[in-house]
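Feature list (source: TrEMBL):
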ACT_SITE  His278  active site
ACT_SITE  Tyr287  active site
ACT_SITE  Arg341  active site
DOMAIN    59-381  domain 'Polysaccharide lyase 8 N-terminal alpha-helical'
DOMAIN    431-726  domain 'Polysaccharide lyase family 8 central'
DOMAIN    763-814  domain 'Polysaccharide lyase family 8 C-terminal'
SIGNAL    1-21  signal peptide
Amino acid sequence: MKMQDCRVGAKTSLCILLATAALVGGCGGGETSTSALPTPQPAPSAPAQVDTASMRALWQTYMTGGNLNLSDPDIQAKVNSIGTTAQNDLNSLNPAVSRATCLWNDLCTWNKSANLTNNYKRIQEMVLGYGTQGSSLYHDPTLLSNILAALQWLYDNKYNANTAQYDNWWDWEIGIPKLLGNILITLYDQVSPALRNNYVVAMDHFNADPTYQTWPVANPPVAMTGANMLDKVIGRVFSGMLADNGDKITAARNAMQLVYNNVTSDDGFYQDGSFIQHHYIGYIGSYGGVLIDDLTYLMYMTNGTQWSFPSTEVQTIAGWVNNSIAPFIYKGAMMDMTRGRAISRSATTDHVAGRAMAVSVRRVADGVDAATAAQINSLVKGLIQSDTVYNSAPGCSSNCYVSGLGLYDMTRVKALLADNTVTGTQVQTSRIYGSMARAVHIAPTFGFGLAMFSDRISSFEEGNGENKKGWLTGAGMTTMYTDDEAQFSYNFWATVDYGRLPGTTVDSANFGSPVDWAFYGNAAGGLRWTGGSSVLGAYTSAGMELDMSGFLSREPLSRTSPSQLTGRKSWFMMDDRIVALGSDLADNVGSPVETIVDNRRLVAPSGSFPGGDNTLTINNSVYSNAALGAGPQLVANVRWAHLQGSSQNACSPVQNNWCTNGSKGVGYVFPTPATLTVLREARTGTWSAVGTGASTPVTDNYLSLAIPHGTNPSAASYSYVLLPNKSAAEVNAIALNPGISVLGNGNGIHSVMYTPTGGSVTRVVGANFWLPTGGTVNVNSQSYVTSSAKASVTVAETASGLSVAVSDPTEANTGTVTVEINRGARSVGTLDSAVTVLQLKPTIKLAVNVNAAHGRSIAASFNF
């Protein structure tokens, strides 16, 4: 594989500091214990000669930057920041005579293991100040002596082989070993062999085997998977590098091979591109980022050694980039529906997470073949160039995207942006990820995300005090990404009404406080219909069977769900429009039921300016009754509506003070004129109420549109069309000629026909069959597509043929689904191995083997 040569002495300015991976909260807890004074540890026996010295040299350069181009103002600014941070850490470090209980007074609460990790994090900051060329503390002897003393104090008192773990296992087995690797390798020649060896023994004590969790002790032991396993692999590789022990590195490289295998349940990557962590959470936007970080670190440090990555591993990683990551980043924003509980972290918004992912993906390009590198670099450049949240950040005049990056990434990103041979691209795709109950639709002018749940995938995860209100974030929530690029950034998750999220059907149930790491899904009655089908990478049919009666059934508290809401919900993603259907909606708890068409953040308040003045148009007239503070307004006979967008154009230097310039907004068309509840409101919340952030109140303005279904409905339904990034005039034109026909919204079938106005595709029909006996969809009173069983089917026709995709969203069918399309074909075009063609004329008839297909779309094409 190809990697930039970054060994000490290599003539390159590109091999400089890589910011260490963001710490990701683990999923364990434990009891407190006391530390015993460590006994001196014997030196390990020396294994066969290995190339660990070369690996250490690589990582030292990676950490400290090597020979930096200090004439670059961005690099100099970062170096200055490193020096300032190290100086502040040194200034606040307790003097030796005052270190009886702690090194830093603000990190003295030892029953929280995160504080122990943060002690080592501060030491790492001081190490960077010592080792980075140009830093104000570069090779400062006073700084070095304090670093060494702090390391010794922590070893003697807090982290050694005689210490029992407590609180969060992640700190002991992942966070601290990775930090110690960075610290001890960077200062390899300055740390005494005795202290270095003692720390290696401690690292091995807490992280003896990367494939299992060391503590709490369980029988069988808890297996490590995905990002957590790779984190532990890096800890073991660091231990081998520090001890010149190649056997450890070999064992770690062998252990990580498990991550490359597609899985069919639990954690890992699936054939359809889904990525699961924590058993039932789609987590590519959070733990997936850690996984890619870890892999790029390992690719770098093993470059040129016997442990370097073969092409098979590298190509698998590149495949994940294109199939599992890129579709979920729109204009630099990592879609929140892939980030789990990370949405509740105030400092890690969708664009912060998106930038971190883009930077990680760019590193993958350093280790792949030239053609793949060109494709990945083009992808990353497009993400960077389109991210106006960073590029137009308040108070930033130039190079805003790279501000705050580590030196290595900063230099490589700047080089990519300056390379005129690389043209940025934006992914366009429409895909269903059945194995993690997600769908994504990226059109030329917007992105759309759909988060669903089932008896296999949880609606959300709460743990470590994070995501405390996330109940319905995966229960049919829809997210529209438009030129209002910061819609879900800043304080969205601190202020939004979690009981009225866009796309959801709700009954105001109060679920109380969630249980750490518990499963929340459609767990009652064996409901399994969640998924869909995608054809041509352009058109998607998705659906979800809703049953809130079992929402708490796998929670260990034996609570009864306060909601008994049931129904069927579908979404059909067709070019520039999203069609939403719902039927069979029923409830019996005596609360009003409503479907939230949208709940959009408006222009934010600033000083005495209240904001929230985005124009709402209904049926081609400005609607002014829904003012801030006016309460909910009921509007009848709505054919279409349009909400003016918000733009982050420089209307004010005050962050989050948007204006309505330059953003088209969002349109809504109702195939059957609807009665809407319209609410414009100012909402105040705190990050501490949803996660572990600040308790300072923050306020945002919102406008919601909802379809009321009444109290205790028995067979309610709805239909609406979303038109992201459209002006009011464009919405009016589409309302007059929508190109959409609702073919079925009940009786066991949801179906839509879309007639494009341009391009080669002449007709698209999406159909979700909910019943065991399937059913038939008619077009112009004639049968068009028939299914023999529960299935999702999407058909796209051109003048010369058709393409069809079929899936079993229940993932329970162990046989076949027979699909018949009322068109004759001359020949077969392409055929998935799971498809058997039964006939071509007078109708196309095929049998699709869905046994063990895990909800994936199974495709075929035919020529007329």
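Cβ from N, Cα, C; glycine included.
Unlike curated records, TrEMBL annotations are generated automatically.
Feature annotations (TrEMBL) mapped to structure.
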{"residue": "His278", "record": "active site", "DSSP (3 states)": "coil"}
{"residue": "Tyr287", "record": "active site", "DSSP (3 states)": "helix"}
{"residue": "Arg341", "record": "active site", "DSSP (3 states)": "helix"}
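Every protein chain considered, the tally of other Cβ atoms within 10 Å of the Cβ of Arg341 (active site) stands at 27. Secondary structure of the domain 'Polysaccharide lyase family 8 C-terminal' (763-814), assigned with DSSP and counted as helix (H, G, I), strand (E, B) and coil, comes to 0 helix, 33 strand, 19 coil. The two recorded residues, His278 (active site) and Tyr287 (active site), have Cα atoms 10 Å apart. Taking the domain 'Polysaccharide lyase family 8 C-terminal' (763-814) as a whole, pLDDT averages 98 in the prediction. Comparing the active-site residues His278, Tyr287 on other C-beta atoms within 10 angstroms of each C-beta gives the minimum for His278. The two recorded residues Tyr287 (active site) and Arg341 (active site) have their Cα atoms spaced 11 Å from each other.
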